[in-house]
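The S-adenosyl-L-methionine binding site annotation in Swiss-Prot covers Gly111, Ile131, Gly132, Asp133, Tyr134, Ile135, Leu136 and is backed by sequence analysis.
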Amino acid sequence: MKFQARVLTLYPEMFPGFLGYSLAGHALERGIWSLETVQIRDFALDKHHSVDDTPAGGGAGMVMRADVLAAALDHCPQDSPRLLMSPRGRPFDQAYARRLADDSGITLVCGRFEGVDERVIEARELEEVSIGDYILSGGETAALVILDAIIRLLPGVMGNKASAKCESFENGLLEHPQYTRPSLFEGREIPPVLTSGHHKAIADWRQSQAELLTRQRRPDLYARYDKNRQKT
């Protein structure tokens, strides 16, 4: 079944962007997923195609209008999750991507300006999601990131299923270091265990390295991993 992605945006020309290349691009050509962009401005109510207005109560910037965005949302099918790109949203992670990849599609709303009128978020039950604790010029970049994370998990996109299972975050840890030829680079050798041919020793080394890296670089992830490990 084809995964259907819809993006509501003021800049449809930004899509598919880098998703037109590599794994996602090939999957798009093969029909594993489809992309529809919806120009929010097409649902404006005045001759100037206005989509924003000044914030109630005063303040800097402009706010996207609830009536215009609601009309754009109502134009789309209601059978898939509807996510609003927002820095105050739930953090996006690998588990979130896996859950979304199991659905039949997704609708992504790309905000601009100072934000979106809260009433349309409530009335259309938009799920706010964030890709990090920083501010972007608009939601389009975040939407592309989220789609990329989802698409690579769709059946048939990655040639080797084991590749996805061994990546960072899939087992609660960062990925172990990777090496390839040449065997010697500027005086640095590939760890001998990786060329030993002993599969269990290699697996044990990779596991220990993944745990070490996670403990050093992401103590928050390691604490969660260690807690889950103690439960099993």
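Note that Cβ sites are derived from N, Cα and C of the backbone, with glycine treated the same way.
Remark: Tyr134 (S-adenosyl-L-methionine binding site) has Pro87 as non-local neighbours, by Cβ distance under 8 Å and separation of at least 6 in sequence. Cβ-based crowding with a 10 Å cutoff singles out Gly111 as the top-ranked of the binding-site residues Gly111, Gly132.
Sorted by the number of other CB atoms within 10 A, the binding-site residues Ile131, Ile135, Leu136 start with Ile135, the lowest.
The C-beta environment of Asp133 (S-adenosyl-L-methionine binding site), restricted to residues of the same chain at least 6 apart in sequence and closer than 8 Å, consists of Pro87.
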